[in-house]
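Per Swiss-Prot, these features apply:
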DNA_BIND  34-62  DNA-binding region
COMPBIAS  7-18  compositional bias 'Low complexity'
COMPBIAS  78-96  compositional bias 'Low complexity'
COMPBIAS  97-151  compositional bias 'Polar residues'
COMPBIAS  222-239  compositional bias 'Polar residues'
COMPBIAS  245-258  compositional bias 'Low complexity'
DOMAIN    440-514  domain 'PAS'
REGION    1-32  region 'Disordered'
REGION    61-151  region 'Disordered'
REGION    222-258  region 'Disordered'
């Protein structure tokens, strides 16, 4: 009896435990927890406020927990990032790019707009009577997603919606005709530059970068466009429109460029374009009409205080020292004109140069045009000995003995290294060195012509071997005076005393010591006019040959205004 009673007791306890062990319904996990559940590591639901926060009395502060940013989004402000709710809403779009309307709004809408927006349209009977036909009634069987843009939290959602639907002609036809205010609001350029724009970028960071560029264009040109309208492929892109012709007061301007101009403005734009086709802009042929044509002073655009240098219409070369002299005379003789020009804008210069076919014309060892000419005509080495003798004679004639001692100390620094490198060279090596020099000079000639920087090239003895046209305009020295036939000009003849001493010190430092062979310094250039000296910033680049011996120095100069 005891055994049977124990079996009955065990069976009863097993049945009771089976009833109590029924699996509890699992909570459905949500893709994003609220801030309180996330902090407590608890399971959350998709509702806001969630059930757990309602039970704990935290429903007023229940919101989505912030997610950890990606590295490429560390510097992006929070206001520009796309919210998670808008990202999820864009995934729920149907095939036509339409999403159901949000059930609640974060802030109340204006009464007029609220009365004109139905909250739900389950069938055709709720369509207003002013719908034009049954076809449009059938298309209005969904709630317009445009109403969701009244909530600040859903602005990005509206932009994402139009990302899929802006180019769809079917959906464009389904826009409710009884929402004219909303239609104009979303399909015309907005007056608010901070309003989110529709975009073709799937990456928020890429869209943010492009939106920033669009905002810059809006601020500078007064033309409010969306991110799609700012692309070169859009219909609103009009390179013929200048920023001055664009409207700035009309915030609801039409999107096409033909509607931005009146008939008179269109004719003016057409005539301006035709004018620019036949008249190539140049320093001597500009659209400005206020050119100061006084014969006493150089040609100048007084609206921007800009003087013209180089070749002129009369065939006369205007050089920088002459302009400086004229400005000084204007300052002394016509102070009113001088003050008027400088009060408008800072002093500036523009240069017009016509490059000759032979940049070193007239000299026996002129610049070769082709590399084949170099290897055919260079049959003997270049003699540096006469150059050194002429350099020493010039230095003794110009400088005092204390300065000559300092120059000699600088030369003594690199003289032993130079003797050691050249002691073992044969005549064929010296011929090859000269071929390398001419070949390098031919390559640099192409660079110097297109750089526009005043440039001069000299040998290691200081003898000038090449002069750019811009350097002649800067200093006023004629090219025939520097590298003409039977002329030997040294770089030290173009520098003042302090700059010459600095030159030898710099050359001794970079000749064999500095492998890069480039340095930047400041020097003063002499001009044919003894009363005019030009303070410049310069960069000297030393070029070595295959034997490691200094071959040439390239000097670039820019005036310090």
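Here, residue 1 is simply the first one shown, and the rest follow in order.
Positions of Cβ are set from backbone N, Cα and C atoms, glycine also.
Summarised as a single figure, the pLDDT of the DNA-binding region (34-62) averages 89.
Using DSSP to sort the residues of the domain 'PAS' (440-514) gives these counts of helix, strand and coil: 42 helix, 12 strand, 21 coil. With helix defined as DSSP H, G or I and strand as E or B, the DNA-binding region (34-62) counts 15 helix, 1 strand, 13 coil.
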